[in-house]
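So that you can see what the record holds, here are the features copied from TrEMBL:
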| type | residues | note |
| --- | --- | --- |
| COMPBIAS | 25-45 | compositional bias 'Basic and acidic residues' |
| COMPBIAS | 62-72 | compositional bias 'Polar residues' |
| COMPBIAS | 567-577 | compositional bias 'Basic and acidic residues' |
| COMPBIAS | 579-589 | compositional bias 'Polar residues' |
| REGION | 1-74 | region 'Disordered' |
| REGION | 567-599 | region 'Disordered' |
| TRANSMEM | 86-107 | transmembrane segment |
| TRANSMEM | 123-142 | transmembrane segment |
| TRANSMEM | 154-172 | transmembrane segment |
| TRANSMEM | 178-199 | transmembrane segment |
| TRANSMEM | 211-236 | transmembrane segment |
| TRANSMEM | 242-262 | transmembrane segment |
| TRANSMEM | 327-346 | transmembrane segment |
| TRANSMEM | 366-384 | transmembrane segment |
| TRANSMEM | 436-455 | transmembrane segment |
| TRANSMEM | 467-489 | transmembrane segment |
| TRANSMEM | 501-519 | transmembrane segment |
| TRANSMEM | 525-549 | transmembrane segment |
Amino acid sequence: MGSQKSLLERTDMTLHSSESSDSTSGHRDHPQELAAPEEARETENHSPITNKSENQHDNLAAKTSNKSSLQNDKVPYSRFGRRQKLTLVLICASSGLFSTIAAPIYYPALTTIEKDFNVSEELANISVVVYFIFQGLSPTLMGGLADTFGRRPIVVWSIALYLAACIGLARAQTYGEILFLRCLQSAGISPVIAVNMGIMGDVTTKAERGGYMGLTAGTQILGSAFGALIGAGITATWDWRAIFWFLTIGSGISLMSSLFLLPETKRTIVGNGSIIPASVLNRAPITLLPSFKKRMHVNNPDWETLAPPEKVKLLAPLEIMRCPEMALILLVAGLQFSLWTCQLTALSSVLEKEYHLTVAKVGLCYLPSGICTLISIVSAGRLLNWNYRRRFTKHEKWLLTVEKELLQEYDDDTTRVKHMIKTELRYKFNLFRARLEIVIIPLILSGGGFIAFGWCLDVHAPLATVLVFSGFASLFSNCIVACTTTLAVDLFPQRSSTASGCVNFARCILSAVFVASLSKMMKTMTIGGTFTFMACLTLASSALLWLPIKYGTALRYKRQQKIELREKEKAQSKEAQDLESQASTNNEDASSEDEGDLEIMRRISTAHSINV
């Protein structure tokens, strides 16, 4: 037992010294090289190790001690190379595509469903509303399970449930069945979006995360971008039921690819990808291939990259959303997405009823919005990477200057200066600014585009004018979603699926509210007035982004200080209890020894009296 404890202490000292050297000398490195140590420190801040994980850490120390220090220094943050990451992007995007496509592919069929089931426009829109409600609620709950039990089981289960719901929708006979199965369809597939962002967070560093997340989100957004066009073509050629048969076939292919090709990436289960999962549910058949094992170093796993296990926290989304800076960011992203969703919904009804276009032609009218949305998301990912590197490099140069000044002030006391730079708030990198400052101008431009779009529809402007402003508004609208999701994963890397689920919750719940009231708003306020009101509301909320940009780092720093203080107090309390328990045990042992001595003395005295 003593040797195991000393071994653990030596391993902890080695990891601690390596971490200290990374944090103190890190400002001289390239941002991408620095990202891995930052991820490790954030993991520690958000996930205190439980008693269960201490036993795992004992085993971890024994396994990592077999590696040389030189080898440990070169352990990458992720064993997934660029090609493997792009493959993950393709697998994730193909599954997430069926979450984003299920809402817009249904828009062109709304009028047909009104006639087939003899329901009003408001009641027909309810089938869109319930989809958005469950699209917001489901990831918030399932994201926590993905953060605990792994990404792969949740993805496979979600697609399977979605597949079953699509078959039911294609066979539905009443409007009540449509509503129920739309809820089931949304609840099944919507967690995939959040889990996909968690997968990207597992395998990428901050310096490259924006690009991969932008690529994943951009491919996923193809569903929102071109879903209405596909739905219009299917409805015009066959009928609305064919839409759900199309989704059944597509999701079946996606289920097979995820089942066989999607490896587990959760860092509490596989570390940087080199560790074989303990559960069969987390193992993909592709991981049995010799080429995969060789690429991922499965025969010599990097045990030191295994993150502490997470407990299931059903209230974890509330913990994230109650952070003031996150609440403001989610509000802005949710309102912006709601405005874009209302634009897509309005196009379906207004163009068919007021412009007297066929279903197929209405579908073609979604092309400008779809193409511009795709450009917006992909461009946002590239801009995120560029701005992060730019801000980080500037911050590092400033730290070099500050370090020189502090060394002169404190008589070349290197240890003290490095400790100050590492721990004090004023030297922290402003991640909020790096992620959010690039969305301010696009939000203003998109607001103007939506106002123009609404009034063009209101006055029956030429169709070309309507479509130009639809594309213009969409071009600058959805970048906020990519930026917000990337920032959420940056701030909560150990709970990345839950954090992404919070973004999904905000945008879907707000979309459900506005889509549910859109028809009445357009009748009461006119189409132009409705979009002017919503655009002004969105523009006003975008001004709130300056608050997290300016104060977000300080709020997060103070929150982490409180967490560390509570953990320290718990550790001290536990230590005091252990000492008290040990003292009590020693007293009991001493008391037992005294009683034993007295008993012996009584027996001797009794024997002596008998002899006398």
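Placement of Cβ uses the backbone N, Cα and C atoms for every residue, glycine included.
Sequence-distant contacts of the transmembrane segment (123-142), counting only residues of its own chain at least 6 positions beyond either end whose CB sits under 8 Å from a CB of the stretch, comprise 99, 102-103, 106-107, 110-111, 113-114, 154, 158, 175, 178-179, 182-183, 185-188, 190-191, 193-195, 314, 317, 341, 345, 497-498, 500-502, 504-509, 511-512, 515-516, 518-519. Taking DSSP states H, G and I as helix and E and B as strand, the compositional bias 'Basic and acidic residues' (567-577) has 11 helix, 0 strand, 0 coil.
The stretch with the most CB contacts under 8 Å to the transmembrane segment (366-384), chosen from 86-107, 436-455, 501-519, is 436-455. Residues of the same chain lying 6 or more positions beyond the ends of the transmembrane segment (86-107) and with a Cβ under 8 Å from any Cβ of it are 80, 127-128, 131-132, 135, 155, 158-159, 162, 185-186, 189-190, 192-193, 196, 199-200, 203, 212, 215-216, 219-224, 226-228, 230-231, 234, 243, 246-247, 250-251, 253-254, 257-258, 261-262, 265, 341, 344-345, 347-348, 366.
Below 8 A, the CB atoms of the transmembrane segment (501-519) and the transmembrane segment (327-346) form 3+ pairs separated by six or more positions in the chain. Recorded stretches compared: 178-199, 211-236, 327-346; the one with the most Cβ pairs under 8 Å to the transmembrane segment (242-262) is 211-236. Comparison of 154-172, 178-199, 211-236, 467-489 by number of C-beta pairs under 8 angstroms to the transmembrane segment (327-346) places 467-489 first. Within the same chain, residues 95, 98-99, 102, 142, 145-146, 178, 181-182, 184-185, 187-192, 195-196, 241-242, 244-245, 247-248, 251-252, 254-255, 258-259, 262, 497 sit at least 6 positions outside the transmembrane segment (154-172) and bring their C-beta atoms closer than 8 Å to a C-beta of that stretch.
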